[in-house]
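Annotated in TrEMBL:
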ACT_SITE  CYS355  active site, nucleophile
BINDING   CYS232, ALA233, ALA234, PRO235, GLY236, ASN237, LYS238, ASP256, ASP283, ASP303  S-adenosyl-L-methionine binding site
COMPBIAS  447-458  compositional bias 'Acidic residues'
COMPBIAS  467-482  compositional bias 'Basic residues'
DOMAIN    124-417  domain 'SAM-dependent MTase RsmB/NOP-type'
REGION    431-482  region 'Disordered'
Amino acid sequence: MALYLKAAEILEKAEQKKGAVKTLVYESKFQNIKQLFALVCETQKYSSVLQEIINSTKLLKETKLRIHLAKVLVYDLLIGHGVKCGGAWKTMMLKHCSRLNAALARIKIKRKVSRNQDLLPASFQQTQDDVIPRYVRVNTLKTTLEDVIDYLKREGFSYQGTASGLEDLDRLSGKTFLCDLHLQDLLVFSAKTVFHDHFLYKAGHIILQDKASCLPAFLLNPQVGSHVIDACAAPGNKTSHLAAIMKNKGKLFAFDLDAKRLSTMSTLLLRAGVTCHQLANQDFLKVDPQSSEYKEVKYILLDPSCSGSGMVCLRDEVSEPQDEGRLQALATFQQRCLNHALQFPQVQRVVYSTCSIHSQENEEVVSACLQQNPAFRLVYLLPNWLERGHEPFTECLRASTAKTRTHGFFVAMLERRPPQTDKENLVITTLASGGEEKQDTHQSGPSDEEQENMETENEQPTNPESKKKRRRNRKKHKQQES
């Protein structure tokens, strides 16, 4: 009963533009976040069909239900996995089940379709390009890739080797699976493969994580034994991935403002065998970069709150014009977070990522921070990746269902520039003060020996006397200059 009440509440708030579905779900602090998120997304997708069924059967009048609660109940009864609650609601829905099924059948006949999914609006119709495979990350803190593959093969799964392209993912079906093209510890299964009740999942040997979500930790690639910050850490999959890359050595500082999400995350990390972490129920923006506690931090992963517009089940929000005010507020927050991350004195790499498709939250945030932090530059990520950041930020990565078979995502990596030489600093100081740049302040000429070698390489051999003469002329010329 609590599931349906909470789902109805979130649907209503989403329609009133009080927040993105993903944000509203996580803020609800509901015990089973995944179950709630799936129910809300699926009900929202079928909203127009459910409205038509409810209207034609006059369900609201007969049951006194409110529209959003009626939608989630009718969805689960007719399209989902059946009404999960007991008591009066289940009795009531079963009483009207025949009429509701008949209404659904009439709609299918009217539209000349046989499957429920064919009733969806065009923006929700799934083509082959829209199907996201099931990605499973092997948790190397508890097992190995080889052991997981062997275990699955003994259960009847068929290992097909390493994928060579998207077409290999599209051909997955039944119990066939592949190793991912880019991430060696990531396995790929057909979209309908279920692992939530599998032993390997419950034991923490595998993590159910979309490929795009695995990219930030994989690209940050902190050294074993290093000090790392996961700035907006919950629900914790990226944190456990970082710990695996670090081999549980070093220090992994993880921050999140939501105490309940942090508590859930603690349980997840315990199951994953993470021991190098230090959780803090704290706003990352209030963490002092100059604190001695973080003086050795060289790597930061920043995945801040965003619109969630890259999530496949939120396409209705993407297809409608976005609230510019809300996007701007998010972008301002994201920019503050990224600027803050760049203030840690020893940080060498910062990975910034979002599950948003909007440039305001992605390239524009990165652009603004680079202008304010000239000591950092972008790193060109995965040259063979199919989808790049919008011009001119092609160093960054984008992801989408059509081009990468993942949820929509954005990743950028900012790296501290190498220390400048004294002569390079002189040029910068001169230019900043309005002076002219002189050739000899930033580019030293070849030494006498180098000059002589260059001349020797470019000329025919000459006698020793001519070499001595040239050397005397150069020394005389330098004395006159001084």
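Numbering starts at 1 and runs along the chain as displayed.
Cβ atoms here come from the backbone N, Cα and C positions, even for glycine.
Structure coloured by features recorded in TrEMBL.
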residue	record	Cβ within 10 Å
CYS232	S-adenosyl-L-methionine binding site	20
ALA234	S-adenosyl-L-methionine binding site	24
GLY236	S-adenosyl-L-methionine binding site	26
LYS238	S-adenosyl-L-methionine binding site	25
ASP283	S-adenosyl-L-methionine binding site	13
CYS355	active site, nucleophile	23
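Note on the domain 'SAM-dependent MTase RsmB/NOP-type' (124-417): its mean pLDDT in the predicted model is 92. The residue listed as 'active site, nucleophile' sits 13 Å from LYS238 (S-adenosyl-L-methionine binding site), taking the C-alpha atoms as the reference points. Binding of S-adenosyl-L-methionine is attributed in the record to CYS232, ALA233, ALA234, PRO235, GLY236, ASN237, LYS238, ASP256, ASP283, ASP303, and the widest Cα separation among these residues amounts to 19 Å.
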